[in-house]
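K.L.:
Copying in the features that Swiss-Prot gives for the protein in this structure:
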- 1-230: region 'Pyrophosphorylase' (REGION)
- 11-14, Lys25, Gln74, 79-80, 102-104, Gly142, Glu156, Asn171, Asn228, Arg317, Lys335, Tyr350, Asn361: UDP-N-acetyl-alpha-D-glucosamine binding site (BINDING)
- Asp104, Asn228: Mg(2+) binding site (BINDING)
- 231-251: region 'Linker' (REGION)
- 252-449: region 'N-acetyltransferase' (REGION)
- His347: active site, proton acceptor (ACT_SITE)
- Ala364, Asn370, Tyr371, Ser389, Ala407, Arg424: acetyl-CoA binding site (BINDING)
Amino acid sequence: MASSKLAVIVLAAGMGTRMKSSLPKVMHPLAGRPMVSHLLDTVSGLSPDRMVVVVGPDMELVGKTVAPFPTVIQADRLGTGHAVLQAKAALGQFDGDVLVLYGDTPLITRATLERMLAERRGPRDPAVVVLGFKPQDPGHYGRLVVGAEGLKAIVEYRDATPDQRENPLCNSGVMAIDGNRLWSLIERVDNKNSKGEYYLTDIVALARADGATCTHVEGDEAELLGVNARSELAVAEALVQARLREAAMDNGATLIDPATVWFSWDTKIGRDVTIWPHVVFGPGVTVGDNVEIKGFCHFEGCMVEAGVAAGPFTRLRPGAEIGEGAHIGNFVEVKKATVEAGAKINHLAYVGDARVGAGANVGAGTITCNYDGFNKSFTDIGAGAFIGSNTSLVAPVKVGDGAVVGAGSVITKEVTPGALAVARGSQMELKGWAERFRAQQAAKKAKKD
């Protein structure tokens, strides 16, 4: 009976030269996090007993990202078979199943991996299970040659006959391998090919020569996309977003124009939420039930509680906490601030490093002046307070509960609860001044003429 133990080897040492980037290929983000993290999250759902990530030299950033999973270094990039061999010391003589995956193939699903493991642990006891797929454009993919006895061979496109090239079943590179046979197979792979590399695909022929069976499982092209260029990264992003949008709608959210709403991998959206077109969610956003988010909003690192109305053109930055039933309107930016239940900041305001108390109203053009060039300071607006339009609150400062601040004020001192504070120059009126001024200017102009 096949073992239920599982080890995973993730190959992530590729240079990614086609990306034309100083960032390692597997670190390029999809939905707000590195593509390799998507893969590790999927694999973690299988509860593997061991996992090791194969990286290249000078890839410390990848090592930090995949931690606590261990990494091994492939000092010389001599092919996929050579990369797998680098994991031998970390895995040792593992007697379970070994999945070999690729850090630049981040969209593979847990369901597909479970099907591969079920095949590996099935009655045929195959030494190797290869994940195949049928792309719309088979191009120069290697082909899987399948017969009644299972997978007969993996043929590289350049070595394939015309008939084999007509075969639509292609090789994804993903494999499930019997751990008891893995190292015996890998150590016999040679580099007698045009590239002088050690190909993992050669283990199929070696296993069959040993009298073992090899089989395949077929996956979907969309989940087997390999990201090697920026154009493929864009395709992968679109596929990830399609999944996230579908999940949000399945969980009870309404997306007026789904294609224009962009989620992050960890966005949490409640039920009966309505999201209008052109909304972007950065990482770390939680939205409660019955929230309406109008168009052209950008949220990141924030909490939005039930019944909030936001937008259009609202920006919520990290640390923003918007309380139940609050209104955050057009061209309002909130950063590292708590807006309590029922408060309203309806237009043209900046609220940073602050608290806006329950039921308070912040008028158009109000800003919290939270930075003096060296330090950030806090603004505390009490419950039920009313801040008139075009007010500057110079932190640190406190406006008490129920207080009213007159429009155009520059508040630098504490306003006591229930008080009226007006801090602006007194209005002055000079009767007849405008008429005299116009006459003077007309006379000057006539004299010049």
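A Cβ is built for glycine as well, from the same backbone N, Cα and C atoms used for every other residue.
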K.L.:
Between Leu11, Ala364, Ala407, which of the binding-site residues has its C-beta surrounded by the fewest other C-beta atoms within 10 Å?
P.N.:
Ala407
K.L.:
Per DSSP, what is the helix/strand/coil residue tally across the region 'Linker' (231-251)?
P.N.:
20 helix, 0 strand, 1 coil
K.L.:
For a quick check of understanding: among the binding-site residues Asp104, Glu156, which residue's Cβ has the most other Cβ atoms within 10 Å?
P.N.:
Asp104
K.L.:
What is the interatomic distance between the Cα atoms of Leu11 (UDP-N-acetyl-alpha-D-glucosamine binding site) and Tyr371 (acetyl-CoA binding site), given in whole Å?
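P.N.:
Just about 46 Å between their Cα atoms.
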K.L.:
Using DSSP and collapsing to three states, where does Asn228 (Mg(2+) binding site) fall: helix, strand or coil?
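P.N.:
In the DSSP reduction, Asn228 (Mg(2+) binding site) maps to coil.
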K.L.:
Starting from the residue listed as 'active site, proton acceptor', work out which of the binding-site residues listed here (Asn361, Ala364, Ala407, Arg424) have their Cα within 10 Å, and give them in sequence order.
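P.N.:
Hits: Ala364.
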K.L.:
Sequence gap of 6 or more, C-beta under 8 Å: which same-chain residues meet both conditions with respect to Asn361 (UDP-N-acetyl-alpha-D-glucosamine binding site)?
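P.N.:
In sequence order, the residues whose Cβ lies under 8 Å from that of Asn361 (UDP-N-acetyl-alpha-D-glucosamine binding site) (at least 6 apart) are Ala343, Lys344, Ala385, Phe386, Ile387.
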K.L.:
Please tell me which one of the binding-site residues listed here (Gly14, Glu156, Arg424) sits closest to Asp104 (Mg(2+) binding site), measuring Cα to Cα?
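P.N.:
Answer for the nearest of the binding-site residues: Gly14.
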K.L.:
So of all those binding-site residues, Gly14, Gly79, Glu156, Asn228, which one's Cα sits nearest to Ala364 (acetyl-CoA binding site)?
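P.N.:
Comparing Cα positions, the candidate nearest Ala364 (acetyl-CoA binding site) turns out to be Asn228.
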K.L.:
Enumerate same-chain residues with a sequence separation of six or more from Gly14 (UDP-N-acetyl-alpha-D-glucosamine binding site) and a Cβ-Cβ distance below 8 A; give 'none' if the list is empty.
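P.N.:
Listed in sequence order, they are Lys25, Val26, Gly56, Arg77, Gly103, Asp104, Asn228.
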K.L.:
Do me a favour and check the Cα-Cα span between Asn370 (acetyl-CoA binding site) and Gly79 (UDP-N-acetyl-alpha-D-glucosamine binding site); whole Å is fine.
P.N.:
55
K.L.:
I'd like the number of other C-beta atoms within 10 A of the C-beta of Tyr371 (acetyl-CoA binding site), please.
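P.N.:
Step by step: centre on the Cβ of Tyr371 (acetyl-CoA binding site), count other Cβ atoms within 10 Å, giving 12.
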K.L.:
Give the distance between the Cα atoms of Arg317 (UDP-N-acetyl-alpha-D-glucosamine binding site) and Ser389 (acetyl-CoA binding site), rounded to the nearest whole Å.
P.N.:
23
